[in-house]
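All remarks here apply to the structure that follows.
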Amino acid sequence: MGSKSPEGHRQTPDASNSSELKPANPNPKPARNGSQSADLDGGNLDDDNDDDGEANEEAGVKTSADSTDKKKKRKRSKKKTKKGTLPLKQSSPPRVLVSSLFPSGYPIGECVPYQDDNTSRTTDEELRYNSRLWDKDFLDEYRQAAEIHRQVRQYAQNELIKPGASLTTIAEGIEDGVRALSGHQGLEPGDGFKAGMGFPTGLCLNNVAAHWTPNPGAKDVFLDKSDVLKVDFGVHVNGRIVDSAFTVAFDHTYDNLLTAVKEATNTGIMHAGIDARVSEIGAAIQEVMESYEVEIAGKTHPVKAIRNITGHDILRYNIHGGKQVPFIKNDRPDKMEEGEVFAIETFGSTGRGVLHDDVGLCLSNVFSKANAPQVGVYGYGRNTDVSGANLRLSSAKNLLKTIDANFGSLVFCRRYLERLGVEKYHLGMRHLIDNGIVEYYEPLVDVKGSYTAQFEHTILLHNGGKEVISRGDDY
């Protein structure tokens, strides 16, 4: 989920959370990418060892009768084991808990060494100290969230995202999958804090680059074979948010646009690391992305890196932390630090490369005195720095209680409120926004007729390398 630049509509980082981000094992195991290819990793090792043991035992058998008896016993034992074994394959639609698919631990993301790593920068004593800080729960939660993201997006790519599909159906299919695989439906107060959606599913078409989701009261939109669709959704487990996005185009006309943005994102990942300057990362990303061009209807369009939306760090329960990672040349002094989590994302456009809030999509009368439904607003986020103690409007007080009990600082949308059974909340929401208690996100668009693309991954900055936690076989 892109962070709007300049500063605006960002969740205020909770400084107390940042200390919880601990560096991981400096020597991680090799990466296991993808979802289906990794599904069987958690359950097959014991069966193989049993077969080997049985083969050795069989080699010492002296009579055929004994051999027959032992084979029968082995067969009965094997059947009993199979009967009690949990499913080792995901269903379609995805409904099998990932915790049951990976009882021995979740797949590690793609592990990438830092560029030009100075091994003398960290002493042996520091390495021993850092290894003691390794937070296994932190890693397990992040890897579980990443596996949920991989499996749900694979289902979306294979079954949901097709010409003629309703964007509401796609969004709800993704979100139902995330909730089912995490084991938390989020319908009871506090349940949404345990696991579930990190933010609403973004489904942005063509010149709409970011922050659009289908909402109640709006006319449903159907996917056309000529569309370029950005799919951006987050999964969290215990507040550890995995933020990852991809773009789908059915027409090969846009292949270069998608390739440019995907390569730009991978360039950002390659340059990211401990002590890396965001200014240098942005310059490298822009150079790669703007080396591409796209021919549309006989006219050549250079791919432009979008200037006023950025990547960002991620804090616990806060999708946008205090650091931004632009994907253009810049003079920001910020550096990445060990133990931090970043969403490395890039957006490319065939248009101007500058986004603006679309009042047409958001409705110009959203905040009029008529208090019309906010049909086009993407989502809302609780500003945890502002108290609601002085609220006088009862509808605003009740709505704030619902927000605090179910979402906290996680971004939510109107669909999520209505899923909880909340009604007649528009006046209360308006009051919360006017008092700075809730912030809102509008759709961000480039010029009409242009096309935009997005790719994004979440990375963890370990001591000995970065883990691209959301990497899969697809991107």
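Cβ coordinates come from backbone N, Cα and C, glycine included.
Note that the structure is a prediction, hence the values are computed from the model and not measured.
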For the divalent metal cation 1 site, Swiss-Prot lists Asp232, Glu456; sort out which one of Asp220, Asp243, Asp473 goes with them.
Asp243
Looking at divalent metal cation 2 binding as recorded in Swiss-Prot, which candidate out of Glu188, Glu345, Glu418 goes with Asp243, His312, Glu456?
Glu345
From Asp243, His312, Glu345, Glu456: binding-site residues whose CA lies within 10 A of His211 (substrate binding site):
none
Chain-internal residues near Glu345 (divalent metal cation 2 binding site), provided their CB is under 8 angstroms and they sit 6+ positions away:
Gly2, Asp243, Ala245, Thr265, Gly268, Gly311, Phe327, Gln454, Phe455, Glu456, His457
Within 10 Å of the Cβ of Glu456 (divalent metal cation 1 binding site), how many other Cβ atoms are there?
25
Around the recorded divalent metal cation 1 site, report the further residues of that chain (criterion: Cβ within 8 Å of the mean position of the Cβ atoms of Asp232, Asp243, Glu456; site residues excluded), sequence-ordered.
Met1, Gly2, Gly202, Phe233, Gly234, Ser244, Ala245, Ala343, Glu345, Gln454, His457, Thr458
Rounded distance in angstrom between the Cα atoms of His312 (divalent metal cation 2 binding site) and His320 (substrate binding site):
6
Provide, as an integer number of angstrom, the distance between the C-alpha atoms of Asp232 (divalent metal cation 1 binding site) and His320 (substrate binding site).
14
For each of the binding-site residues (Asp232, Asp243), count the other CB atoms lying within 10 A of its CB, then report the residue with the highest count.
Asp243
